[in-house]
Amino acid sequence: MEVEEKHNDHHVETYSDDANKVGDQEEQRHYANIDEGFDPLEIKRIVRKIDYRLIPILSAMYCISLIDRTNLSLARAANSMQMQKDLRLDIGYRYSIAALVFFIPYIVLEIPSQLGLRKFGARWWLGTSVILWGAVMIGMGFSNSWSMLAGFRAWLGMFEATLFPGAAYLISCWYPRKSMAVRNTAFYVVSIVISGLSSILAYGLGMLHGRNGLHGWQWIFIIQGVITVAIGLLGYLFIVDFPDKAHFLTEEQRDIVTTRIQRDRGDAVVDPMTWAKFKSYILSPRLWIYGYMFGSSTVGSYSLAYFLPRILAQMGFTNAQSQLLVAPPYAWAAIPALTSAYFADRIRGARSIAVIVNAVFLIVGTCMYSQLPVAQKAARYAGIFFAIGGCNANVPLVISWAQTSIRSQSKRGFTAALVVAWGGVGGIIASVVFMEREAPSYPTGVYLTIGMNVAVILLCIGLNLYYRYQNKRADRGLVVLEGSPDFRYQM
């Protein structure tokens, strides 16, 4: 008997010629049995309770996170570019630097933030982070120089680094893999739809221009900062911690939750992060592929979040019209996002296909809004719908796919942080390559966005083929995936 073992925490392979299992039956058994022995109605009641306690507050927190990190462009456009005049953001690359500096601490602190989440608990860790960045937002409203504004943006990135990877990891601890994409997408989509209305809120707050000696852009930061602090305080009341500490469930209900997770992927028990695990995780090519795909999606989402008012203004719309026209594409984004997440969870093998379809939407939409003649306003505006729908549908899909393709709580926490850190890289790229001097077509940013997402399509195809190959080998007993004989990659 030939045996070869690779001992590491991210991929354990065991080859043997004495295993000849009927793989398809084993895989079907694995998917069917996570609910075996439980009352289906009781499971529905438990899942509903978890949904009501977890998703709304996380959505509210991420919604205000998106508003706070991307409202720079709206504040800049308010009251005939008053902030640009006050802080001299028109000089050199000052505006781009102020937008970009957010992402440096955001990227660096993603992985360390996950350690604090487990140590202090989701309620205190996430709630406190939201309150602190709300205070930073209020401070931004009193900036008297561009460098002061940039400094506040760096602090904002530091505190916001905790939320998205923490929320994605927390969701993965509560739900089996077959439910993860819809929950991640629901939490994310509610956030982007409401944050899309931030342009209308910013327009209204801009009308406070001159009140109490403050300009409209200052009111935008201050009022949104106050709202952020209020949401952080609500987080202390409503965020649920991990299943083993869930006081809103009975002991029997907690057992059902952990048993379903254990049957689904065998990692309901917390495993501590060690240096050996960290090294094995960070050397896993698959995790970096997911990170790249996530970053490619956020290049599209951040570029539109930061520059959409300018893009619309250069189509011939007034500043007021541009701010109001920002909202509809984000409302539309809920449709492709929820649809693709639904099919990704319900149809085996559909995760990669959904990511590919959304990447195509992003590519086509980017070409439309950037390359069509300026006179074709309606067609260019339609392209914005395609682009925003595609990139924002892929953000939760990619991180869900990553979380369903690995095992162990330490690895899921690390993966969430690594993938979201790549989102910060996408934000930096968007801040740099969409250059004012190239407006309104932004060729550098447009071609890079298209090229990166063509690569996403190719990587999806490659991962799909690799996973199919590895699953077939596992079905024949030739390999143990992720350290569990029952585990299969999801495609």
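Placement of Cβ uses the backbone N, Cα and C atoms for every residue, glycine included.
As annotated by TrEMBL, domain 'Major facilitator superfamily (MFS) profile' applies to 57-472. TrEMBL lists 54-72, 92-112, 124-142, 154-175, 187-205, 217-239, 287-307, 327-344, 353-372, 378-402, 414-434, 446-467 with the feature transmembrane segment.
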Cβ contacts the transmembrane segment (378-402)/the transmembrane segment (327-344), at least three under 8 Å, sequence gap 6 or more: yes
Among the ranges 92-112, 124-142, 217-239, 287-307, the one whose Cβ pairs under 8 Å to the transmembrane segment (54-72) are most numerous: 217-239
PLDDT averaged over the residues of the domain 'Major facilitator superfamily (MFS) profile' (57-472): 89
Winner by Cβ pairs under 8 Å against the transmembrane segment (92-112), considering only 154-175, 187-205, 287-307, 353-372: 154-175
Top partner of the transmembrane segment (353-372) among 154-175, 287-307, 446-467 - counted as Cβ pairs under 8 Å: 446-467
Top partner of the transmembrane segment (217-239) among 124-142, 187-205, 287-307, 327-344 - counted as Cβ pairs under 8 Å: 124-142
Positions on the same chain near the transmembrane segment (124-142), where near means CB under 8 A and six or more residues out: 61, 64-65, 68, 116-117, 149, 152-153, 155-156, 159-160, 162-163, 166-167, 214, 218-222, 224-233, 235-236, 239
Of 154-175, 327-344, 414-434, whichever stretch has the most CB pairs under 8 A to the transmembrane segment (187-205): 327-344
Best-contacting stretch, by C-beta pairs under 8 Å, relative to the transmembrane segment (446-467) and drawn from 154-175, 287-307, 327-344, 414-434: 287-307
